[in-house]
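Heads up, the thing below is written out as structure tokens.
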Ligand SMILES: O=C[C@H](O)[C@H](O)COP(=O)(O)O
Ligand SMILES: C=C(OP(=O)(O)O)C(=O)O
């Protein structure tokens, strides 16, 4: 049965309320939460169901090896940083990476931001202790504030509304950039401006020069370039806070199916992917394309059971598995999953998140990652897929368009002492602009050279 034809899916949209939901805030005031839910439910949707369907078709192509997904953005967006400059720099970085990948690998690249809604974080511990004082952990700006004071850390449902408004403003600007001419491929050089000149920047200029020449050649041949003016760009975030996702879920007037209209693509995190849990149940009932993070402890049977629950009709592009095994584990942990899922003959789009399995604490105490581990996990991802004959369909990265110093290594050779220079993330370390471009060049090579 196709997902829109099953009325029990829509009828059960609130079934998650009686299931175990991990990583939810302890909202102190149930009435205030109910009031916010009602107000969120009255807000316009942030995306249109038809856009989510287009993305499903694009992800199906990535699952067949006919496209490649590039999903990137902050670990945790913050309200304070939802500024024009930050949004523009992130969009530019993703567009630049996409150009490098498209040109280098001759594959269409699906561009998706971890943007316009990535305001909630699952945490390893419910508390944080500093100098003997213990407070509730920061769970993202949609829940509480980062400042280490008792008042800041109390979950406040009004923040869900603020997350909605910031997401709306961010998405509006992304749409303006990507449809208003800013993302026109003929401006490929412009996207480099404003970043620090560096090795990756120079290599990008070379690629941009080659693209320019190709465009001038095609123009001289009389090609029509209207299609270059706009770019499809999709939004995504972890569907962690069900008190946010549920009120933004709407019934599509065309099909009668439910869509979570907080973003085009939603994923379930490694910590909340229990088969009988609230998150899996809720996302099984919406028709957006959805993802699930799979860590190194995932068994092939877990993966198959998630497919049964989240994509029972085997719709290509509906389900993406985002593997995050760690560089040291991927070559052992991924192939058994790929073998069994591939043998089932059922459609899944496989994406590599090389960030979340490679987090370390540096000698000076920073939560960081090594760029070499991150790249090694991507290499392991390609090797595993090539060994099994399955399709490496995309990349999921935590990045920023700014010149932060949060990840070790890269051609700038950021070392432990260098981390302090500009360490700004509130949760996990992100690749900076240069490291993101370096990664794109290397991944283009990996796609090109089987
Ligand atoms: O981004 C992912 C998680 O939210 C994050 O890695 C958890 O970090 P913690 O272990 O500091 O809670
Ligand atoms: C929490 C995240 O990842 P994971 O669920 O893989 O740990 C994340 O992507 O922000």
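Cβ from N, Cα, C; glycine included.
Annotations in TrEMBL come from automatic prediction, not curation.
Residues or ranges marked as Mn(2+) binding site in TrEMBL: 75, 356, 398, 428. Feature annotation from TrEMBL assigns phosphoenolpyruvate binding site to 114, 270, 271, 293, 324.
Feature map: TrEMBL annotations on the structure.
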residue : record                           : CB count, 10 Å
75      : Mn(2+) binding site              : 20
114     : phosphoenolpyruvate binding site : 27
270     : phosphoenolpyruvate binding site : 20
271     : phosphoenolpyruvate binding site : 17
293     : phosphoenolpyruvate binding site : 23
324     : phosphoenolpyruvate binding site : 23
356     : Mn(2+) binding site              : 21
398     : Mn(2+) binding site              : 26
428     : Mn(2+) binding site              : 18
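Summary of the Mn(2+) site environment: with the site residues 75, 356, 398, 428 set aside, the chain residues having Cβ atoms within 8 Å of the Cβ mean position are 355, 359, 425, 427, 429, 430. Calculated from their C-alpha atoms, the gap between residue 398 (Mn(2+) binding site) and residue 114 (phosphoenolpyruvate binding site) amounts to 8 Å. Filtering 114, 271, 293, 324, 398 by Cβ distance to ligand 1 (under 6 A) retains none of these binding-site residues. Ligand 2 lies within reach of 270, 293, 324 from the binding-site residues 114, 270, 293, 324, 398, 428, judged by a C-beta closer than 6 angstroms to any of its atoms. In the three-state DSSP assignment, the secondary structure recorded for residue 398 (Mn(2+) binding site) is strand. Near residue 271 (phosphoenolpyruvate binding site), with the C-alpha within 10 Å of its C-alpha, lie none of the binding-site residues 75, 356, 428. Here is what falls inside 10 Å of the CA of residue 75 (Mn(2+) binding site) among the binding-site residues 114, 293, 324: 114. Put simply, residue 356 (Mn(2+) binding site) is 10 Å from residue 270 (phosphoenolpyruvate binding site) when counted between their Cα atoms.
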